[in-house]
Amino acid sequence: MSETTLVKGASLYGDRTADLLLRDGVIAEIGSISTPDGARIVDADGLIALPGLVDLHTHLREPGREDAETILTGSRAAAVGGYTAVLAMANTSPVTDTAEAAERVHDLGRAAGLVDVHPVGAVTGGLGGEELAELGLMHRSRARVSVFSDDGRCVADARVMRRALEYVKAFGGVVSQHAQDPSLAGPTSCCHEGELSGRLGLPGWPGIAEEVVVARDVMLARHTGSRVHVAHASTAGTVEVLRWAKSLGIEVTAEVTPHHLLLTTDLLAGYDPTYKVNPPLRPQEDVDALRAALADGTIDAVATDHAPHARHDKEHAFVDAAFGMLGLETALPVVASVMVSSGLMTWAEVARVMSSTPAAIAGLGSQGRPLEVGQPANLVLVDPAATLVVDRERSVSLSRNNPWHGRTLGASVVATFLRGRPTVLGGELTEP
Ligand SMILES: NC(=O)N[C@@H](CC(=O)O)C(=O)O
Ligand SMILES: [Zn+2]
Ligand SMILES: [Zn+2]
């Protein structure tokens with residue numbers, strides 16, 4: 001059954017004001033529109049319309065850890081955050097390293113029906129770092145996998161990385177690298193290496209462990225003529241490598257997380273595992289470099305790295321707790337607070353880094369499209385004047401490892417539409 005919605009008086013990209021008619025899954029009309037019979041009316045006075053957000057980096061935990069998140073609950077969190085598509089990382093149990101596993105994630109995403117769930121395929125079997133997974137079969141499957149990553153682990157072996165890049169080039173795929181040289185930052189490294197890690201007695205994770213892998217991978221991308229994507233870039237040195245590689249025309253893209261744009265390493269002083277994440281929170285100099293790089297295009301996208309964890313995996317001594325923090329529901333408010341309120345970016349630029357560019361990186365043809373007549377009606381309405389105090393108990397995620405709890409953030413997501421159908425209205429899910 002087709003439904004029609006008239007969005008009244010939205011400010012498109014924070015610029016000109018217009019009504020949007022959503023019908024048969026597309027934007028049917030833009031302008032000054034009188035209400036068609038039977039149409040739902042959404043008053044968007046004072047709201048900004050942007051294309052639906054696209055997250056290049058989400059952990060949905062299904063299959064294997066449905067106590068932390070499922071494809072359904074993660075989809076809910078995504079919709080509430082203004083997303084219409086997410087890429088679901090492969091580090092599930094079992095790992096998404098076969099066509100069947102990818103199709104299962106894809107189908108569960110379809111069944112949830114709140115956002116487009118695109119599985120990321122593992123680069124290596126079982127994330128083992130040695131044998132390439134079924135990259136071609138995953139791509140040719142119903143899931144059409146185009147993004148491959150061993151995220152959670154680094155593809156540390158240069159020969160394996162080279163072969164993966166050569167392989168995905170054939171079908172225009174991309175390898176998303178969790179850049180962490182294991183010989184410089186091993187599995188227990190959990191605090192930015194510096195004065196603080198020494199004082200706290202926490203194993204250090206130096207920025208150079210990220211930067212050497214990024215430098216190696218851009219050279220491999222140049223050598224193979226293939227595309228590499230840097231997941232969760234976290235240091236000023238990584239930004240320098242990216243700037244240099246892009247100046248040479250190397251096909252590299254990069255993402256930054258909301259938490260690396262705002263939170264700093266000194267939060268670890270209280271040993272609260274909520275702030276334990278990989279890569280670790282960095283000093284203010286790195287945060288400043290990441291913001292500047294996002295504003296000038298050196299970093300292409302914001303990705304959440306939404307990493308839900310059950311209480312019993314997080315509530316441990318800092319060194320033993322799981323790495324990761326929630327992100328989907330708060331990403332846009334964080335970006336608005338850090339980048340827009342400060343004047344570093346416009347809303348149109350937010351649409352670029354949170355929607356159109358991530359969609360292009362992942363090769364999603366029907367997402368991240370401009371708000372124009374005939375385009376798929378994937379969009380989000382944002383209240384730029386709202387302030388919200390984050391309450392982790394109000395989250396629709398199954399997990400509670402929310403680093404923003406108690407913080408005041410600017411802007412809130414009021415409505416999300418997936419192919420014309422509202423998934424969120426008045427800030428709440430339309431379905432329980
Ligand atoms: N970011 C994290 O700290 N954790 C991620 C893995 C990852 O993104 O490396 C997870 O799967 O929990
Ligand atoms: Zn990672
Ligand atoms: Zn991740």
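All positions are counted from 1 along the displayed chain.
The backbone N, Cα and C atoms fix where each Cβ goes, and this holds for glycine too.
Bear in mind that TrEMBL entries carry predicted annotations, made automatically and left uncurated.
As given in TrEMBL:
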DOMAIN    48-235  domain 'Dihydroorotase catalytic'
BINDING   H57, H59, D151, D305  Zn(2+) 1 binding site
BINDING   H59, L60, R61, N91, N278, H309, F323, G324  substrate binding site
BINDING   D151, H178, H232  Zn(2+) 2 binding site
DOMAIN    281-421  domain 'Amidohydrolase-related'
ACT_SITE  D305  active site
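Annotation note: H57 (Zn(2+) 1 binding site) sits in a strand segment as assigned by DSSP. Summarising the substrate site geometry, the residues cited as binding it (H59, L60, R61, N91, N278, H309, F323, G324) extend over a maximum Cα to Cα distance of 17 Å.
Other residues of the same chain near the Zn(2+) 1 site, with their Cβ within 8 Å of the Cβ centroid of H57, H59, D151, D305, are T58, M89, S149, G152, A231, H232, A303, T304, H306, A307. Those same-chain residues not listed among D151, H178, H232 yet with C-beta within 8 angstroms of the centroid of the Zn(2+) 2 site C-beta atoms are H57, M89, S149, G152, S176, Q177, A179, Q180, A231, N278, P279, D305. Using H59 (Zn(2+) 1 binding site) as the reference Cα, a 10 A cut-off selects N91 from the binding-site residues N91, H178, H232, N278, F323. In the three-state DSSP classification, N278 (substrate binding site) falls within coil. A 10 Å cutoff on Cβ-Cβ distances gives H57 (Zn(2+) 1 binding site) a total of 28 other Cβ atoms nearby, all chains included. With respect to ligand 1, the binding-site residues H57, L60, R61, D151, F323 contribute D151, F323 as residues with a C-beta closer than 6 angstroms to one of its atoms, given in sequence order.
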